[in-house]
């Protein structure tokens, strides 16, 4: 058996405690699988006294994670504090500079500073691994970077924020509004301290930026993501979409097009019979498409103690087995700066509008769409008691520019009884 | 950049040609990702002259794969001929003895000779990798062995033979019999030369045996699988199951129970709303359950040139990146010989029977079930024109022994108008 692999763990929240628990309970199994004894030398967290339900006796305590990261008796620094900057980044940088391998679950840090950290780690020759940063327990980094290494990746899509998917599916099942279900989710502790990270799509976008880099050999470009959260998704749209055979999901999509790298995180419609459409509650799903493999779908818990700790352990085991290799799948120095696609790839769109109840109103809308070059695939007008008529349209594939032109022109027709809603329908 | 990695490829059928094609077309990408140039030194196949749609010029030709496997200019021997014994096994053994790494897609060889080959490879210190052997393009070996290494695996399930799933889903969509759809699938070239490998469940069982070994740290034990093919699945059962909210799948399940390792490959009912239930056509799905991660679902193409070649390339890339490690996830010498569970874990069962149309017939069946300790969860009797009454029963969870006792006792009641059908309902 090889030397023990000595860990220093910073951050003893849910995930950190889960990691400690597995290391203690599955010690024999982990040694059988890695050939090494995995030991904890030291831990660090904000409050030393707190009872975390797991014994920390036998581990040195460090108040300062930077000091922990540099300890002589630490081979792998495990960063589970979170936060894009501050102690997380400082301690990871210190660990790399001190020649320690790093395992982290920190999506924000990687999405914003991934390139610099990868360059540093590769210069020092240490591993920097982050399976837990994307989609919790799903081994998506490993699948994409290693399992599909023979593919030119064409598209990666995912529902990667369980809280948003919970809110959207609960809205549908309960018939309640976004505001009601948001309050319910918040009360259940399902949302980040800053809920905008969840419902604004930022957390999911961090993950998408990381996947983009691996998929396409480009530098992480979080700012290049076209980002829209779920705050404006209404129960009316969820119902209307369901009636047309769709579900609304906060869907991240990254694809390399002739116009550049297109990264978007936005509420989209997907067919209710597709794997993405059938995804309920807090579960995550990532869909990877490659030229050879076709479509691979990965599904599992995207958060929580066990699933996230499972991903952290996978990285630790790989390091124990001697796996190294570039942080984003190819040397950081060879990652290209992506050209950002200036427009979204054409798609079908869902439109919901309320029309004044006058003869010719629908004709005017149809005319305006036609003049903008947007053709109608399906249309439904519902019976109604209100003075305005609810109308749903699914367009044929069109550009967002043509659609926006049509929406502008509709504004001038005088037949709209309110602002129309337009949502992209993603082909999945 | 490191030394080139030189490949020798034996077997130029669909998969072999796919591998050659990717190596030629994606050379730059593969080098960027692995840091090594991947070159082909020599190839071997049964017929040299055949046009395979890909240029083989520049590669040495060997008639004998054993000779190919030992060539000085081969670092990795890629075995894509298939067959559990014969040239495949002889050449892999020769490659290992000569200190070459091996990549293979040969599930039969690994299911039957995996232990000996693993011991040989580990003694010589070469990699023996086989991602393509299970579920085609889905990175399931990698996910299970590496991505979930921190878990005690509790159960692995899968639909791993696309031809069987095609037949079962086509039967349902067309309403045709097994015999009709079997002939259709055979005509389309969807079945192995020996179709019993597919419809008898043998091919899928080979895959299950491999997954068992990795999941539970046990020696591959193909003979320990309780095996039943799909030949006796009738269109009547598919219809009746659908009516009760289930799909019939050829499902492989392996789990470690208090009574030993339980490996079964058999037609089962699964809820039609579950990911497994929703799996249509030739697609594969593997479900992995671990104590930390919960349930992970992996879905993708289980066969075909691109997907299988994708998996072969993943192994080649890993070897190029310097990844080694034990063949089944822990050293072959430490793999335990599993105790075979002598009975199946209790489950709910689906029963379909035809009863003679006499007063008290149903009461007799219900009595017999009750006396055997099998309780009824749901029952349906259908309107009918025939002299016998079709009856469906879903039992509560029971042992197969109790169920068999009930079926035996039913035989003596004189109210059965034919042999009843009993199928396991798997909790997924």
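Including glycine, each Cβ sits where the backbone N, Cα and C put it.
The active site, proton donor feature in TrEMBL is assigned to B:207. Look at TrEMBL and you will find B:107 tagged as NADPH binding site. The feature L-homoserine binding site is assigned by TrEMBL to B:192. According to TrEMBL, the domain 'ACT' annotation covers B:350-428.
Around the Cβ of the residue listed as 'L-homoserine binding site', the number of neighbouring Cβ atoms within 10 Å comes to 15. Here the residue listed as 'active site, proton donor' is positioned 6 angstrom away from residue B:107 (NADPH binding site), judged by their C-alpha atoms. A C-beta separation below 8 Å, combined with a sequence spacing of at least six in one chain, links the residue listed as 'active site, proton donor' to B:107, B:111, B:133, B:134, B:135, B:158, B:160, B:252. Summarised as a single figure, the pLDDT of the domain 'ACT' (B:350-428) averages 93.
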